[in-house]
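Participant: Below you will find the structure I want to go over with you.
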C-alpha cells in the first residue's frame, strides 16, 4: 500500500527538459517510477529518449493527464514559474503535485498551496526532495539505492537527514519516505503524513524528523498524542543553532522562545515519542522498538 | 531580510501611509542641520535591526538643534544588543492621543497571512497579547482576495480601531504584497490630538526568495558583519560563523545542523555552520576548507558527508583535489557514508595525508574531532 505514491502511480514531470529535470527523470525511471510524460509548452509533441524508454512531452498538464492517465506531477521549473506550474496542475485536477523547486517566494507558496487545497490537489513541498516508496516509485530527488522496501514510514523537513536515516535503517526498510520541505509554508505537513501512516497497513513504525523553526513539530506531537497508536520515533536538529540566524532552510530560524529544538523535543517526548540525540541513536531507538538487532 | 525603521518609513510613505517628517544621518553635525529643518525639536532614534531600542537608551527627545547634535553623538556608535548604531533617524515629534497596533504576519501553521490588530498599541503590545489575548484581534486573510476595504473594515471593527484606520490597513496590505514582505508591522499607529492617523514606527521583513523580482533592495548590510562570513559569502558559500573550535563542513542544512549538535554533545563547540550542498565538488570543498582554516579559533575540522546522489567516491575525489590546492594546517576528520562509501574511504586512505583521519560513523567522527580540538 504505502502512502501517496505506489507502483501504480503515473508520473508527469513539469520542467523535464531542463538539466535538473532530465537528470532526475533518468534517476526516477531507474528507480522504477512510471514516468509517463514531461510538460513543456514549447516542446509539446516531441519525445525525450532516456536509457530505457522514450518519454513524450505534452504542452500542458491537462493534455498529459488526458493522454496517459497521470495522477502525479513532479515540478522542477525555476522559482519564478512555480506558482503558475502548480496552479496549472491543480486546475487540471491532478491528485498529487510534488514541488522540488527551491527558492520560491513565500507569497507564491501561500497562493498555490491554498489554491491546490481548494481544488483537492495534495502538494508536497516546495523546496523538498520529494517522496519515495522504495521498490515501487520515486517522485523527486531522493537517492533510491540507499535503502529497500520495508515497514518504517518516515516524514522529514530535511533531505540529507532523511537519507541518513534511510541508510542507517536499510536492513529494515521503508514503506514510504516523505520529504515535506523546510520552507515556512508547505503543502503537506508532518501531521498529514502521520495520519496517512497511521492508516497504512504497510507501516508499522513512524520516524519523524524535524528541525528548529516554527511549531510544526509541537503540533505534530499533539496529534500523535490524540490520534496515533503506532510507535513514533523522533529526531530534531538544531540544538546548537544560534538565535536569529538562518541556517540554509528558510524555515530553519529560531526567533524568540518558540521553535527551539529543546521545546520540540520536550513536546514530542511528552506525547510518548522516543527522541534520539543523534541520527544513529535515533536509528537504534527504531530497532529497539521493532525488536530488531543492528546487523 | 529585515529593513531599518527609516527604510520601512520610506516604504509606507510611498504607499500613501502618513508618517512623521524625518531624515537619516550618520553625522552629529548633520543631525543639527536636520533638526533645524524639522523645526528644532526632534526625536533622535537609533537605526538598528532589533527591538528594545527605547529601553536601551536609543530613542531620545532633543529640545533644539544643539541638543540634537549632542544626542546623535551619544547614540551613534552605541551597542544595542550586539548591534552597533551606524545611523540615526531624526523625526518631528507627534502629539499622540491614542496608540494602536497593526500588522500582517505569516501564519506558518495555516499557510497564509494573518492580520493582527489592537486598540492598545505601544511598547507593551507583547504583554497585552500574553495577558489579555481578547484585546488583540487575529484575522486570517484570504490570499486570493487580499485586504479590501470591506476586510479592513472588519479588522478595524474587531480590534476596536477607529474607522479612519481602514485606509491604512488596505495600504499596509499593498506594502506586504507589492514588496514581497513576510511581515509588516506598525507599532504604534497613532491618532494625534489633531485627529490624524500616522505610522510612528514600523518593521518590515522582506522575503529573500523574492530578490529576483524585487531589485531595489541590495544585500543586507548587517548580514555579514563578520569577516569570515563576508569571505564565505563572496565565494557563494552557505556559511555561518559560530563561537567554537571545531570547523564543520557537511552536505544538506539538516545534516549540518545535526552535525553541530553531535559535536556539541561530545563536549566541544562548533566553529561554524557550512552546508556545501548535494554536489560536494572539489572547488566548493576547497573554498569551504580555506574559509574554515583561516578562522584562528578552529583547532580541528570535521567533514561530514552523506553520499546520496553524489556518491562517496566522487566526494573523496573532491576532498583529495581540494587538498592539492589548500594547505592543510589543522587535523581533518572525515566521515563518509552512503553510496560507494567503501570506495570513497579507499581513495582517502590511498592519498594518506598525514593530517587526515577517517572515522566511519558520524558519532565516532564527531568524538574524534572534538578530542582533537580540546586537546590541541
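Placed from the backbone N, Cα and C atoms, the Cβ positions cover glycine too.
Note: TrEMBL annotation is automatic and uncurated.
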Participant: Given that TrEMBL lists A:17, A:18, A:19, A:20, A:100, A:101, A:102 as binding CoA, which residue among A:43, A:119, A:148, A:157 does it place in the same site?
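Facilitator: Among A:43, A:119, A:148, A:157, only A:43 appears alongside A:17, A:18, A:19, A:20, A:100, A:101, A:102 as CoA-binding in TrEMBL.
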Participant: Rounded to the nearest angstrom, how far is the Cα of residue A:163 (substrate binding site) from the Cα of residue A:101 (CoA binding site)?
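Facilitator: Per the Cα atoms, residue A:101 (CoA binding site) and residue A:163 (substrate binding site) stand 19 Å apart.
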Participant: Take the domain 'CoA-binding' (A:4-104) and count its residues per DSSP category (helix H/G/I, strand E/B, coil), listing them in that order.
Facilitator: 36 helix, 27 strand, 38 coil
Participant: Could you list the residues of the same chain, at least six apart in sequence, whose Cβ is under 8 A from the Cβ of residue A:100 (CoA binding site)?
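Facilitator: Within the chain, residue A:100 (CoA binding site) has Cβ neighbours under 8 Å at A:20, A:24, A:74, A:75, A:76, A:125, A:126, A:127, A:128, A:129, A:130, A:140, A:141.
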Participant: With 8 Å as the upper Cβ-Cβ limit, not reached, which of the binding-site residues A:17, A:19, A:43, A:163 neighbour chain B?
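Facilitator: Listed binding-site residues passing the 8 Å Cβ cut to B: A:163.
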Participant: Roughly where does the domain 'CoA-binding' (A:4-104) sit in mean pLDDT, to the nearest integer?
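Facilitator: Reported value for the domain 'CoA-binding' (A:4-104) is a mean pLDDT of 96.
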Participant: Express in Å, rounded to the nearest integer, the largest CA to CA distance found among the CoA-binding residues A:17, A:18, A:19, A:20, A:43, A:100, A:101, A:102 named in the record.
Facilitator: 24
Participant: Can you name the residues of this chain that are 6 or more positions from residue A:18 (CoA binding site) yet have a C-beta less than 8 Å from its C-beta?
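Facilitator: Residues satisfying the criterion: A:76, A:77.
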